[in-house]
Amino acid sequence: MAVREFVYLALTALAVVYSLMHVICRVNRSKNINNPTFVNFQKKYFLAYFLALLADWLQGPYLYKLYSHYGFLEPQIAVLYVCGFAASVVFGVFTHTLADRYGRKKLCITFCIVYSVSCFTKLSTSYTVLIFGRILGGISTSLLFTAFEAWYVHEHVETHDFPKEWLSLTFSTASFWNGVLAISAGIVANMFAGVFALGPVSPFILAIPFLFASGAIVAISWGENYGENKRSFSKTCSEGAKNIGGSRRIVLIGAMQSLFESVMYIFIFIWTPVLDPHHPPLGLVFSSFMICIMIGTTFYNYIASFTQAASLFVNGSIVLALISTVICIGSTKPGDEHPTISYVAFLLLEFACGMYFPAMGFLRGRILPEAHTVGIMNWFRLPLNLIACIGLMVLHGDPSTSGTRHMFIICSCLLGLALFCGIRFAALTKDDENLKNPSTEEAI
């Protein structure tokens with residue numbers, strides 16, 4: 001069976017599997033809050049946030065394809081991705097401070113403007129302009145996943161004085177619809193770029209009206225709020241470094257996160273050149289990846305109420321991801337490629353991600369001291385992005401057809417190290433009752 005037909009079959013089967021799991025697990029979902037003020041407040045937040053998320057997801061399936069369409073070689077495209085990752089990590093360490101000092105609403109509007117400019121740059125075939133666009137895209141990503149949530153938490157707790165327990169309801173709802181939007185974005189992007197034959201730049205242009213709409217809603221209906229954290233950026237980072245140096249558990253958590261998530265960053269780049277030569281519908285491939293993430297998350301949420309240790313999920317996710325990359329070492333052998341096998345391995349990797357992120361989030365919440373979380377996470381981001389950038393630059397320096405296969409070898413080594421750290425962490429915390437029996441609500 002050709003990979004194109006297999007993608008349609010897999011997408012349909014995965015959609016059915018997720019629908020069944022969603023119905024089965026429905027009993028474990030949080031109950032709705034029948035408070036009209038709260039519901040209206042949620043809607044105001046969701047409308048702007050979901051439009052921003054949709055605009056972001058629309059750009060996922062065809063970014064590499066667009067650069068390839070413009071005639072750039074794989075090493076040149078790798079540099080473009082590195083610029084985006086580097087901009088995200090450099091700007092990301094300042095976003096919390098900027099949001100607290102200058103206002104979360106202003107940063108949300110800034111996100112919409114900056115990301116719109118980034119989308120407009122995709123119309124250019126100039127390598128310099130595209131690098132500039134990738135830098136803006138990296139900055140925008142940092143803003144999207146910082147400013148919106150920070151604004152909501154402050155309004156929820158400080159302005160409206162809603163119970164903190166209701167925050168989990170908003171975030172679990174946002175997580176579910178984030179997945180739905182990601183799947184839908186892949187299908188819509190595939191229609192515009194493929195079915196309507198408007199080319200790989202069309203999803204980026206389509207994202208701009210959604211960004212304008214999101215920014216307009218924020219500007220008109222949101223109030224401004226600021227943070228109360230008066231600590232300087234340097235003090236925040238120094239305190240974070242002290243906490244890391246004083247705890248083996250934090251060091252191991254940071255190592256696992258940096259190693260595993262750097263592989264995810266590399267995967268974001270590498271999946272398209274592996275599959276695109278065989279002409280699959282890239283938007284639908286992207287949608288199937290998103291469904292696998294949702295299946296993995298749903299599986300975790302359901303099993304978490306019965307298991308004894310969240311670290312088992314993290315280690316299990318690392319094992320599944322390792323199996324996936326090892327399979328890809330064989331399926332991407334030059335002259336003997338098996339794209340369908342690679343695609344199945346990618347689906348397994350995405351399922352592993354779906355389990356990993358909520359499990360790791362639970363462990364971070366129990367291990368990292370709340371007062372120093374921002375500083376510690378700033379330090380975690382540095383090796384994460386450094387590993388991903390170095391990995392892509394290794395590919396940049398290998399123009400041969402075996403470069404992709406070498407990347408999977410590197411990813412397998414990184415995951416092997418992550419598993420070693422995970423086993424050490426599990427042994428170190430096996431008697432820690434604080435890391436056992438996460439409730440379903442906490443897992444969401």
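Even glycines carry a Cβ here, placed using N, Cα and C.
Annotation source TrEMBL lists transmembrane segment at 6-25 (among others).
Per TrEMBL, transmembrane segment is recorded for 46-64 (among others).
Sequence-remote contacts of a segment are chain residues at least 6 beyond its ends whose Cβ falls under 8 Å from one of its Cβ atoms, and for the transmembrane segment (76-95) they are 64, 67-68, 107, 127, 130-131, 134-139, 141-143, 146-147, 233, 237, 265, 268-269, 378, 381-382, 384-386, 388-389, 392-393, 395-396. According to TrEMBL, the transmembrane segment annotation covers 76-95 (among others).
Long-range contacts of the transmembrane segment (107-125) within its own chain (CB-CB distance under 8 A, at least 6 residues past either end) are made by residues 48, 52, 55-56, 59, 66, 70-71, 95, 98-99, 132-134, 136-137, 139-140, 143-144, 146-148, 151, 201, 204-205, 207-208, 211-212, 214-215, 218-219, 222. Marked as transmembrane segment by TrEMBL: 107-125 (among others).
Summarising the annotation, TrEMBL assigns transmembrane segment to 131-153 (among others).
If you look up TrEMBL, you'll see 174-198 (among others) marked as transmembrane segment.
Feature annotation from TrEMBL assigns transmembrane segment to 204-223 (among others).
Taken from TrEMBL, the feature transmembrane segment covers 250-271 (among others).
Residues 7-8, 10-11, 14-15, 17-18, 21-22, 24-25, 28, 60-62, 175-176, 179, 182-191, 193-194, 203, 271, 275, 313, 317, 343, 346-348, 350-359, 440, 443-444 of the same chain, all 6+ positions outside the transmembrane segment (283-303), place their C-beta atoms under 8 angstroms from a C-beta of that stretch. Marked as transmembrane segment by TrEMBL: 283-303 (among others).
The transmembrane segment annotation in TrEMBL covers 310-332 (among others).
Sequence annotations record features per position, and here TrEMBL assigns transmembrane segment to 344-363 (among others). Using a Cβ-Cβ cut-off under 8 Å and counting only residues 6 or more beyond its ends in the same chain, the transmembrane segment (344-363) has close neighbours at 10, 14, 253, 256-257, 260, 264, 267, 271, 274-275, 288-290, 292-301, 304, 310-311, 313-314, 316-318, 320-321, 323-325, 327-328, 331, 435, 438, 442-444.
Per TrEMBL, the feature transmembrane segment maps to 375-395 (among others). If you look at the transmembrane segment (375-395), the same-chain residues 6 or more away from its ends with a CB under 8 A from one of its CBs are 74-75, 78-79, 81-82, 85-86, 88-89, 92-93, 236-241, 243-244, 250, 254, 257-259, 261-262, 265-266, 269-270, 368-369, 403-404, 406-407, 410-411, 414.
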Two-stretch contact, the transmembrane segment (46-64) and the transmembrane segment (6-25), at least three Cβ pairs under 8 Å: no
Same-chain residues near the transmembrane segment (250-271), Cβ under 8 Å, at least 6 residues beyond its ends: 64, 77-78, 81, 85, 243-244, 285, 289, 314, 317-318, 321, 325, 346, 349, 353, 356, 360, 363-364, 367-368, 376, 379-380, 383-385, 387-388, 391-392, 395, 404, 407-408, 410-411, 414-415, 417-418, 421-422, 424-425, 428
